[in-house]
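Comments concern the structure below.
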Amino acid sequence: MILVWLILIPFIGGLLCWQAERFGEQSPRWIALGTMLLELALVLGVWWHGDYGLNAAQGASDWALEWRADWIPRFGIEVHLALDGLSLIMIALTGLLGVLAVVCSWHEISRRIGFFHLNLLWILGGVVGVFLAIDLFLFFFFWEMMLVPMYFLIALWGHSGSTGNTRIQAATKFFIYTQASGLLMLVAILGLVFAHHAATGEYSFSYEALRHTAQNELSPQMAWWLMLGFFVAFAVKMPVVPLHGWLPDAHAQAPTAGSVDLAGILLKTAAYGMLRFALPLFPEASQAFAPIAMGLGVLGIFYGAILACGQHDLKRLVAYSSISHMGFVLIGIYSSTELALQGVVILMVAHAFSASGLFIISGQLYERLHTRDMRLMGGLWGRIKGLPGIALCFVAASMGLPGTANFVGEFLVLFGSFDAWPWVVVVASGGFVLAAIYSLFIMQRVYFGPAKEETPLGGLDGRETVMMLGLLVLVLWVGLYPGPLLDTSQAAMQNVEHIMTLEETPAMPEETP
Amino acid sequence: MTPLLALSPLILVCATAIVVMLTIAWRRHHDLTATLTVIGLNLALVAQILVWWLAPLDVTPLMRVDGLSIFGGVLILVATLACATLGHAYLEGARGPREEYYLLLLCAAAGGIALVSSRHLASLFFSLELLSMPLYGMLAYTYRERGALEAGVKYMVLSAAASAFLLFGMALLYARTGHLDFAGLGGALASAGGDGWLLAGMGLMVVGLGFKLSIVPFHLWTPDVYEGSPAPAATFLASASKVAVLVVLLRLLQSAPAAQDAWLHSLLAVLAFVTMLAGNLLALMQQDLKRLLGYSSIAHFGYLLVALVINEGLAVETAGLYLVTYVLTTLGAFGVVTLLSSPYGGADASRLHHYRGLFWRRPYLTAVLTVMMLSLAGIPLTAGFIGKFYIVAVGVEASRWWLVGAVVAGSAIGLYYYLRVMVTLFLPEPGMQRRDATTDWAQRAGGVVVLALAALVVLLGVYPAPMIEWVRLMAAT
């Protein structure tokens, strides 16, 4: 039942925020903050009480917590929620970034505050749903549902771009990209369901049943096409390079909270989807696809990094660097060794921290300078108290300096992939050089060099300091002591590796009625 | 006695029409007429549901009361009720006679109910005409508007041409087979094989019915008529009238196996493909909400045709379910347009700029329209998503990948214009708010109707199981 509450709390909180606007400007903010803190506390409570390090490698998925109820009996669709180490980490991340998103828009959003927080919390609710849903219909339901509030967030509270791109265009592009690719996933899901129906005479959207069908009943060609349907949907959201067109625009136009959500958790839903669905459902097709995915990953690393070097808009730069980082994630996922998969989890967490940190910093600079164009910045080191130092730390994290979480993640991914894919790793490592270049560009152009003006700008206030330092502590903590995270996700990741390397198909797990 | 009871919904609607006519002759009174109409329609709706215990039953060689006809009848009566309520709000400000609108509405509803239960080409034709004739009057009801007059005349001329096609097709079928009832026709067609005259006859009938459903390339009237006609009439045209024609087409295709003829089959598949894509593409750049909804309804009937083309497995269930979601959503969307244009005072408020910033003035009305747009786009949490899910499912089940591809592409294109409408509602006001709903709109009957529709669309989107069960029950008999 706690799983249901994890999903419902943000939705209810969102409605309360909307209605609370009539009691004054501050009340929606406090309600939103309280909601997300409650959510975070619940997840941490679950984490504290559960044991996720054990029950490894039994072939079948073992859920730490599970909840199911009939939904649409006609198609055997259930509200089936389940939690394992991977989803737990992701939901904890969602809760944390939710708190950050609320806090960082405290002053930025001054109009229609209630409705803003309604959208913000509904995105988070949808994302939590994605991380918990185990019924494929339910997963798709949340997957599509979370796009709507994100669309509103970008379209209504976004910034109009510097190059004539309007926020509405960016939002529409985001929506159409993700929705159209989502429909392909729906087609793939239905293909799987009807294959199951042909084999057993029953409709079911359940993860276990469909996994059994996918591995035993499908022709390799069919499995390939269905796998591709899933992959495209996840690749758009991740984003993998030829399908990334929406990301820079969406980030550039989104409000800070939107960028934090987008980079911090929405992109992670894609990696999560690959780990949870695309790979376990179609292990053989995925293995056959791995070389292409690796190629796309390497392409993404370089493409994102090179384009990042050429950006003038700070947020676009960070957005392109996200594409580059997601290339590493893709390589890690498709190399499918336990080490690399563990690296993927750490890298996702690390990227969520560092990218959100950088986006929040861009937002704070924008609040002070009213521009995000780096050509108009420069020499800010002496003009703002506190912020440049923190920015330096996040930039260092983003380029993967040892001691930060990103280093652990990238190191594990490359180390884990080296055995099977030495050349990919060698080439991908070149991405670090480019990462160093664009990271230094940020520092150089924004904080050093001749100052445009001498007037000091406002330093960080208490809210901003606490927020940034907290995030920084987390980056360093995961970087220096990733043990707890690794322990939590180990069982889940071993499972994925197990499925990917096991030649014979696992036995059908017994159905619980 | 039983046959009469089985036709009681139709009889009740016709009786209401006569009562309304006599009342108008006795005394013109807008509220009284509207109340009588609504009471009559509600009685008919109750009767339509109770008739379930008599079904299936053949009433004369012309009519059949079964699950399909009850299903269609319920949808038509619900849509008519909504149109009557919305019409009351709309016509309050109209000059000239207001009461005849209800008379026309009741006659058209009677035509629709008769049409869904026809099992004979003769009853098909006369009920189709009974449905269409009053519509000419309804579409041109505010004849002082140039657009409305144009809409009425345009619909009349083209509809007459389509009826001619339909009659010609029937004549060809009768000449070759000597049958006019669907069952006999189906048997004769099956034994005759791929006879050219029969195919021509079926083809001509598809043209005639395709016109009513605004299938591409017979769709040219749709945007103009939707745009020009008064909003409640357009609502009826988009909902009840299309439901009736689609249900009878479904019955025709089911009972005439010649529809499975390869040639006719591929013709329908091509029509579905073109309709989906053309409807969505043409809607992209529209500046008028009613026109946009017209094109969107073309696209939606393209999706529905997919179910009709496949005509096996989940197809009937899909068609029924999609019709339910389509009707609810269309009623809601047009309902908002009607409320914003009420009471009548010049052309309807349907240009997109009328809707700019509506959210900050009328948050709940905007929420209704947003839900409807999301439902038309097939986004989760709305009934439209369940409909879209069914359409994709039926395509995947039959492995018709081209049609599935067109559904996916069409939906992706469709998102663009639905989002455009949606975001317009939330944009800051430019300071031009010429038209607005009356301040107490939510307390009025029309407001209650659209709010209920929005609630229903969300409810069925989250918990569709009862709707699915009902449609299956109706499709089973």
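Using the three backbone atoms N, Cα and C, a Cβ is placed for every residue, glycine included.
If you check TrEMBL, you get these features:
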- A:133-430: domain 'NADH:quinone oxidoreductase/Mrp antiporter transmembrane' (DOMAIN)
- A:6-23: transmembrane segment (TRANSMEM)
- A:30-48: transmembrane segment (TRANSMEM)
- A:85-106: transmembrane segment (TRANSMEM)
- A:113-134: transmembrane segment (TRANSMEM)
- A:140-162: transmembrane segment (TRANSMEM)
- A:174-195: transmembrane segment (TRANSMEM)
- A:262-282: transmembrane segment (TRANSMEM)
- A:288-310: transmembrane segment (TRANSMEM)
- A:317-334: transmembrane segment (TRANSMEM)
- A:340-366: transmembrane segment (TRANSMEM)
- A:387-408: transmembrane segment (TRANSMEM)
- A:464-483: transmembrane segment (TRANSMEM)
(request) Could you tell me whether the transmembrane segment (A:262-282) and the transmembrane segment (A:317-334) are in contact, taking contact to mean 3+ Cβ pairs under 8 Å with a sequence separation of 6 or more? (result) yes
(message) At a threshold of under 8 Å on Cβ distances, which of A:6-23, A:30-48, A:140-162, A:262-282, A:340-366 pairs most often with the transmembrane segment (A:85-106)?
(response) A:30-48
(request) May I ask which of the stretches A:6-23, A:113-134, A:288-310, A:340-366, A:387-408 has the most CB pairs under 8 A with the transmembrane segment (A:30-48)? (result) A:6-23
(message) Looking only at the recorded stretches A:140-162, A:262-282, A:464-483, which one has the largest tally of CB-CB distances under 8 Å to the transmembrane segment (A:340-366)?
(response) A:464-483
(request) With a Cβ cut-off under 8 Å, give me the same-chain residues at least six positions beyond the ends of the transmembrane segment (A:174-195) that come close to it. (result) 75, 136-137, 140, 143-144, 147, 150-151, 154, 203-205, 210, 213-214, 217-218, 222, 225-230, 232-237, 243, 245-246, 249-250, 281
(request) Using a Cβ cut-off of under 8 Å, list the residues of the same chain at least 6 residues beyond the transmembrane segment (A:288-310) that approach it. (result) 224, 227-228, 231, 235, 240-242, 244, 317-318, 320-331, 333-336, 421, 424, 427-428, 430-431, 434-435, 437-438, 441
(message) Against the transmembrane segment (A:113-134), which of these stretches has the most C-beta pairs under 8 Å: A:140-162, A:387-408, A:464-483?
(response) A:140-162
